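Asks: One structure, pasted below without further comment.
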Amino acid sequence: MQRDYIDAGYSPKDTDLICEFHIEPSAGVNFEEAATHMAGESSIDSWTEIATLSPELAARLKPHVFYMDEDAQTVRVAYSEELFELGSVPQVLSAVAGNILSMKIVDNLRLQDIAFPKSMLREFKGPGFGLSGIRELTGVQDRPLIGTIVKPKVGLTSEKHAEVAYNSFAGGCDLVKDDENLTDQKFNKFEKRAELTLKLAEKAESETGERKMYLCNITAPTCKEMIRRMNILKDLGASYAMIDIVPAGWTALQTLREEADDAGLALHAHRCMHSAYTRNPRHGISMLVVAKLCRLIGLDQLHIGTVVGKMHGEKHEVLSLRDECVLDNVPADESQHVLAQDWGGLKPMFPVASGGLAPTMIPDLYTIFGRDVIMQFGGGIHAHPMGTKAGAAACRQALEASLEGVSLQEYAKNHRELEAAINKWLKK
């Protein structure tokens, strides 16, 4: 590679795709050299001079490293939209998060953020329901939603699974979902589970007067089977489908979104496996990028972390993810490696806080996230001393206390389910 793509005087065009990277050059490699190689490898260049790359082509398509901060190990690169297949997340990632992550010239390289131009945003559907659509679907306009995951993760029969879901709904949950590793195992077949659970969700609706949503996991070995499962849910009268976004893959997600409008289903995104490339702060891809791609493709709600639960994620990171889900215009934040993003009218996603939560954490969750969040509890409901139904009731009671500005201890004086939760989970 002979070209120099450092261009400090370049002002990105409205049609450029902008990426921010964290770069740590290998021993003996200077920062500018590493940035140049990274920019070239992610676009038009190779490891050596290539005769087939004409000066005219290079001038038109070359990347521009327009910002470098060696002390912060940060660079920003502007790429012409001509380099990308419009409407294709896999192709974008093959460029800006592909071979470059394996280059010897860097010890570590991380894609921190991508800012998409409006010309590229227009090629994507975005969420079909989005935050406001989910509120309309559930009939809940003025509070966080309460959800649960059927526990144990796997092992229950379809009948027992549906029973656990029913008790969760009856106790006050708005949403009940499968866990990420429950799909179509012998002990709990997809179609039977979906049919039984949706019937009991309907029963709970008639008993409580509230809408009850079952989020059945349609993750499958093939896109064809995934779509078949989605259509089964449609025929059964479901309102939702759930997908494991990273194991399923970006092509599967785009395929699912293309078919979701006809099915009329909201799409719940479980982010399991994301840490394989997001957790290392020096290498891979940030969770911020994953969240943006989910909104771009058109998932309706996404797990983003909790701050207070069992999953990794600092408060500033989780709040950056929240903002990327819900804001129409995301401001730049250099301290958090967030690029400005105008979402061009694509609907917001509903953020989901899930992982190691108990009812006693609801006041903190409400303080952190406000009203626009789905609070999702697993063991925090099913490990309640009085059972699943009481665990769900305790969550609703804790939420009611938070909405009214009353302490949990005060509210628990007249709510025995919450009192039992406090006795079990609240640290003395």
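Cβ atoms are placed via backbone N, Cα and C, with glycine included.
Dumping what Swiss-Prot says about this protein:
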type	residues	note
ACT_SITE	K151	active site, proton acceptor
BINDING	K153, R271, H303, S354, G355, G356, Q376, F377, G378, G379	substrate binding site
BINDING	K177, D179, E180	Mg(2+) binding site
MOD_RES	K177	N6-carboxylysine
ACT_SITE	H270	active site, proton acceptor
SITE	K310	site 'Transition state stabilizer'
Asks: Round to the nearest Å and give the CA-to-CA distance linking G355 (substrate binding site) with H270 (active site, proton acceptor).
Replies: 11
Asks: Can you list the residues of the same chain, besides K177, D179, E180, whose Cβ falls within 8 Å of the Mg(2+) site's Cβ centroid?
Replies: I149, V150, K153, D178, N181, L182, N217, M242, H270, C272
Asks: Let me know the most crowded of the binding-site residues, choosing from G355, G378 and counting other Cβ atoms within 10 Å.
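Replies: When each Cβ's neighbours within 10 Å are tallied, G378 tops the list.
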Asks: Just the number: how many Å between the Cα atoms of K151 (active site, proton acceptor) and G378 (substrate binding site)?
Replies: 7
Asks: Quick one: pull the CA-CA distance for Q376 (substrate binding site) versus D179 (Mg(2+) binding site), whole Å only.
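Replies: If we compare the Cα positions of Q376 (substrate binding site) and D179 (Mg(2+) binding site), the gap is 12 Å.
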Asks: With a 10 Å radius around each C-beta, find which of these recorded positions (D179, H270, Q376) has the fewest other C-beta atoms nearby.
Replies: D179
Asks: By a simple count of other Cβ atoms within 10 Å, which of K151, K153, K177, the recorded positions in the record, is least packed?
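Replies: Selected from the recorded positions K151, K153, K177 on minimum Cβ neighbours within 10 Å: K153.
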Asks: Long-range neighbours only, meaning 6 or more apart in sequence with Cβ under 8 Å: which ones does H303 (substrate binding site) have?
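Replies: The list for H303 (substrate binding site) reads A269, H270, R271, V352, A353, S354, G355, Q376, given in order along the sequence.
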Asks: What is the nearest of the binding-site residues K177, D179, E180 to K153 (substrate binding site), using the Cα of each?
Replies: D179
Asks: Do any residues at least six apart in sequence from E180 (Mg(2+) binding site), in the same chain, have a Cβ closer than 8 Å to its Cβ, and if so which, in order?
Replies: K153, N217, T219, D244, H270, C272
